[in-house]
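As given in TrEMBL:
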TRANSMEM  A:42-62  transmembrane segment
TRANSMEM  A:82-106  transmembrane segment
TRANSMEM  A:147-173  transmembrane segment
TRANSMEM  A:193-214  transmembrane segment
TRANSMEM  A:221-238  transmembrane segment
TRANSMEM  A:276-294  transmembrane segment
Amino acid sequence: MSRAEALQAPAAPDAAAGPGRPNPLWTFGLLRSELVTTVRRWRTLALLGVLAAVPVLVGIAVKIETRGGSTAGPSGGDGPAFIAQITNNGLFLVFTALAATLPFFLPMAVGVIAGDAIAGEAGAGTLRYLLVAPAGRTRLLLTKYTTVMAFCVLATLVVAVSALIVGALLFPLGDLTTISGTRISFAEGLGRALLIALVVAASLVGIAALGLFVSTLTNSGIAAMATTVGLLITVQILDQIPQLHALQPYFFSHYWLSFADLMRDPVYWDDLVRNLGLQALYAAVFGSAAWARFTTKDISA
Amino acid sequence: MAPYESDEATGAGQDEDLHSGRRKAARYVVPVAVVGVAAATIGLVPALADSGSPDLPKISAQQLIEKIAKSDVQQLSGTVKVSTDLGLPDLGGLESSLASGAAQGGDGSSADPTSKLTELVSGTHTLRVATDGPDRQKLSLLESGAEYSLIHDGKNVWGYDSKSNEVFHGTAADSGKKHRAEPPATPKGFADEALKSVDDTTSVTVDGTAQVAGRDAYKLLIKPKQSGTTVGAISIAVDAKTGMPLKFTLTPKSGGAAVLDAGFTQVSFAKPAGSTFDFTPPKGAKVTEEKKDESRAPEHAPKSGEDFAQGLEGANVLGKGWTSIATFDTGAKGGLPSGSEGGAFGGFLGSLGDHVSGKFGKGTVFSTRLVNALITDDGKVYAGAVTKDTLVKAANEGK
């Protein structure tokens, strides 16, 4: 219904200056300009640079630690998941890097971009100009959310590709052993790595929607970013408190590390499905809340 | 509907303002409705899922027990959820460091099955089992981001801990007894142990039907007739078609949550993929061979919930049925096992128990929700799924 209204709204006679009825190509134009603006920002590039550096650090650290032939990590097996297998197969660096960045680095980057989406425009005084164009608020919001989700995929792929390059340079590649002890070919391993990257990107959809909602509440981009990242930290801490176990299945971060279940053979789907369902729920709740807020608020800046 | 998306410049009348205000508020109904629908789904779907008891032909308890005995499931794969709540004090990190300490004391491999399966004693765990005939079994313990697999393929028994990338290798010939054909943590393993104890001290009834892992099942209820035991009841859900136990629940007499609850959440009687049982140690993994000459003392064996029925090996058993008490002499003066952990640890243990005295002298009782143990100051141990008073009485009579 909202889409239909957005289409009808500019059809009013006063929209004569713009195209009579915005066609889908126009929407793509808006999305493209949003994407280009987001990716070209120094802030975005710095975030992606930090993300790309994590696998490099992990890879070099493991390489140095295992130079004498010792195994990686303490013998008890602490540290990020999969870290013990990196020396045998560089592909495991992809999984380790994602496991290391998913709890904090990745969602923080997404929180910054999502928090900035609306509030940043409002703070810079450019939001009203965006709305002067016959785009409609719903469409602008959808474009912003699509941009944030594209950033989720981009950020995850930056981590994965950087890890794959570092892993290939420092460690041998080849057939790999799943954590269930069965063997799969390198090609299938790569396929699973891509699937894991997509699942990790999808895991960030929830916090992206949350960040977008926060962003519609305020006119200060910094406030929205800080709130989103603060919420992330709070939820991550609450997820560690055993007394709150009844609530924890509803925290957006609770099933994040379930992507490791894709490395089991056969794949254990239960937690993966729960994770994706939870992210979809967060996207629906906070996406519609953001829509309700953004389409009704007074735009003064 | 009036255009309100980009109509800020349009002058609106008073009435329209009122209307749009109401309409603005109405938009917040959407997220609230989404939350409502989600909450209703979360609340209702599990309720609908175990949609009561399926209609199955009547069966007597005796027939059901025979059905279990006759059950000959050769091929199976499934997921088992095991929850144990012995009511042990939550020692957190200490507990795991003790467990790993015990493992290090063994042979230092975290892939050693005996140390790994000890983890099942507390908390909730998800296991995967796959069986293809008597020669090929696999039991996997699912951990966060890691997995421990115990694979029996013909002559070889492999343990693989993906977290530390360590491998344990044994041969089935000399370890056949320990790595039993059927993994002990499945509902079938528990049910077999429980049915061993069925005698005249026990009442066995069929308690309706249930749905377990999407299959129709009979419920077998086992209740001790004797007083003095801490076991309240044992409920076993038996698959109506194959006679395979699908769920095992042990509730204590004191009420509350089940002490042991092991059940399939998903089960299939199709032949598992052959590659499931293939294992070659990954490159660079540390492989520990089972030591042949080592007399693996039973105290290293997993003391899982099955102990309640069979008692400790090499121990004398007092009484019979559900109130049987295992007793053995540690030979250690001072009451508490003064093992490698040292005196400080012994003192710590002592503070956890209740001090009792009687004709037998003085001792300390350690209580869990199921098993109570009395360690006397002259080094004798009495343990069983019985109440504290029964334990003290037995110790007095034993003197």
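If you go along the chain as it appears here, the first residue is 1 and each next one adds 1.
The backbone N, Cα and C atoms fix where each Cβ goes, glycine too.
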Leading stretch by Cβ pairs under 8 Å, where the reference is the transmembrane segment (A:221-238) and the options are A:42-62, A:82-106, A:147-173, A:193-214, A:276-294:
A:193-214
Chain residues in Cβ proximity to the transmembrane segment (A:193-214) (below 8 Å; excluding those fewer than six residues from its ends, i.e. six or more beyond)
91, 94-95, 98, 102, 106-107, 110-111, 113-115, 117-119, 141, 144-145, 148-149, 152-153, 155-157, 159-160, 164, 224-225, 227-228, 231-232, 252-253, 255-256, 259, 262-263, 272, 275-276, 278-283, 285-287, 289-290, 293
Applying the under-8 angstroms CB criterion, which one of A:42-62, A:82-106, A:276-294 scores highest with the transmembrane segment (A:147-173)?
A:82-106
What residues elsewhere in the chain lie close to the transmembrane segment (A:82-106), defined as a C-beta under 8 angstroms and at least 6 residues from its ends?
50-51, 54-55, 58-59, 62, 66, 71-73, 152, 155-156, 159-160, 162-164, 166-174, 176-177, 179, 186, 189-190, 193, 196-197, 200, 203-204, 232, 236, 253, 256-257, 259-260, 263
How about long-range neighbours of the transmembrane segment (A:276-294): same chain, 6 or more residues beyond its ends, C-beta under 8 Å?
2, 118, 137-138, 141, 145, 199, 202-210, 212-213, 215-217, 249-250, 252, 254-255
